[in-house]
């Protein structure tokens, strides 16, 4: 295998060189030169032969002499093949040529072959047994970039990748086994020798193994390719008739096999590529870019007929103002170099539509002089066009033509005499009045200049996208007026406040009043009226106006009917009120149901512990006799307001300071841990918290219960003191909210259990609201005067009797004195009578103890626990220690 540097691929063929300027004939006449006359005759015959080729004129003009001869031979061979292949029987091959030619002339009027090639996703390729391209369709240019004239009668190996040439040669052989002597030179391409077969050696043409389907890579010159394009070849081997080739001995060779295949890209094209391939069109222009011709695709895309396109004058009239200078630069480059290069700009299509195209223009010469311009346009999408526009240079010559200044009627840096699209100051002025005053006449500029082309453009093409013209007959206008007149009164009754609130209502009302005057007042000149032109340019018709009026009608009618606008509604207060009512209406039973299951499992453990302590206490002698139970009603009178005096409860004196009751809502405080049950080791309990409002009405059942006497405790502390000798606490007074913040614990908060505290079992309890001062530890004064509660002393205890300010008191409490060393709770059960009555107001019962705790509470009778804030249960001894 030879090196890659020596491998040659097909490239663009050389073009016809530019001829020198013809020198003037001297006065003495033409000198006789046989060689010069021979060359002139040869050139004349070649030009006449080239004119007979079935190619466009722009292709013929760039062909050199060798290309003209090559294509002429190829055309003659193709014609001979069709002369034989189109005949039905061998008998007609001699005498039926005239009839066949007549049929071909009739078929020339039908261009279905061209349409089939356009619809085909690929191109047609015919390759002979000696690897020459016998025929290639014109659509090969869309896939490989080569023109049809560049590949016909050329070696196919120049188009095939070196690694795929052997496979392509194998597919050309009828037995897929080419002769080893017939090798392929990878450096030059064509085979070393050709092998011809007789009909006896070849299989029938319709044999199944004559079909071919394979893949190989072909040379591609398009910009979107990496150099090669993978193609799929599908076809079969057929006999190539009418070639009349002769062997080395001069004998006529029989027809040989050739590959007739359709080459399609291996990767299916995208939708954009399909659209682009199908809409590539070409236009023909003069040297000043005046259009003189357009193909069928161009007429389909732009919408113009060839007459409309060629009678407008300069081609710059079809170019967007923002792209004129950019195209002029490419135009000058084409005049100098012969090709403009890829240029992206906007073309004006029919019905004031702009189409982005990518164009490449070439200069065509005739007789050594530039004759005309051939431009190939490829349509682009709007997104692609905007991308190219952003990449374009925005220097000063393009500042006025970018579209932001002139096209949308914003102030421009040019003087008024150079402004092609002046600003319209009066909308009610007809075009005949203002055009001569602010716009220079087109006669002031050269007809082929850019300014003249810009002036000749219609102003409306730069204002907005086009829309279908609205029907402006009198019947349509009167129908619109009759439909709109029924709600004019209700619209006027809406008031000035609604008009100020919705600005568009005023505009709709003005249009409605204008329509009420009739079509004669609105459009006196119909289509020549200036208002109609503005509406047409803006894409607004009467159907849009009617829709706007209907929308404003429904909006105004609902406002006039007394409905409140949603924007004026402040729902903050309503939301807060709803939340507060929901909290106030929450039932107290939910709290009871939630608290009881949490500590139900602790009751059994507590009872066992209490029984054990009772057995230990019975073994010790009692220090003193227990006092009989006393009624709480003997201490407090429900009809009397308590003053600043001492009250004795079960032999215990406490100082009560009357203060007005404070109602509060419990704010969410930071998490705090409280060791409430110190008698149990290693047990945790969760106390869910839900804020309650102390103003919720509720009922409470009171029933007498039989409570056993408390067990006897240590004799170290005696709590019966005279009330007058009771000394007030020396601790500073705190706020009512301090203890509330202490009690509030978020839901599902785990608390550690202090083994030194007493454990209680939750039973049926009474719900109530409570506020108290936070219990603060302090030093003990004297054992005789007062027992000070300290959270640090284990087993410190007292008990607290239930206080009721109003109503009948049927509950009795023992006057038994508790010891500091142990904390004992009773295990008796309550026996209530179903009697419900409103809870009396006990908020006036206030007092202060040594720990400065002030509370509103209701105590459980059987377990000695107090329900605080509907969510917290404390032992009786904990509250006793606060008194």
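Including glycine, each Cβ sits where the backbone N, Cα and C put it.
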Checklist entry - Which residue range, 18-23, 24-29, 30-35, 36-41, is the one Swiss-Prot calls motif 'Nuclear localization signal 2'? => result 36-41
Next on the checklist: Looking at 392-420, 421-449, 450-478, 479-507, I want to know which stretch Swiss-Prot calls region 'Disordered'.
Outcome noted: 421-449
Next on the checklist: Can you identify, from 4-7, 8-11, 12-15, the stretch that Swiss-Prot calls motif 'Nuclear localization signal 1'?
Outcome noted: 12-15
Item to check | Local confidence of the prediction over the region 'DNA-binding' (37-65), expressed as mean pLDDT | outcome: 87
Checklist outcome for this item: Residues in the domain 'PAS 2' (266-336) per DSSP class, helix first, strand next, coil last, are 40 helix, 10 strand, 21 coil
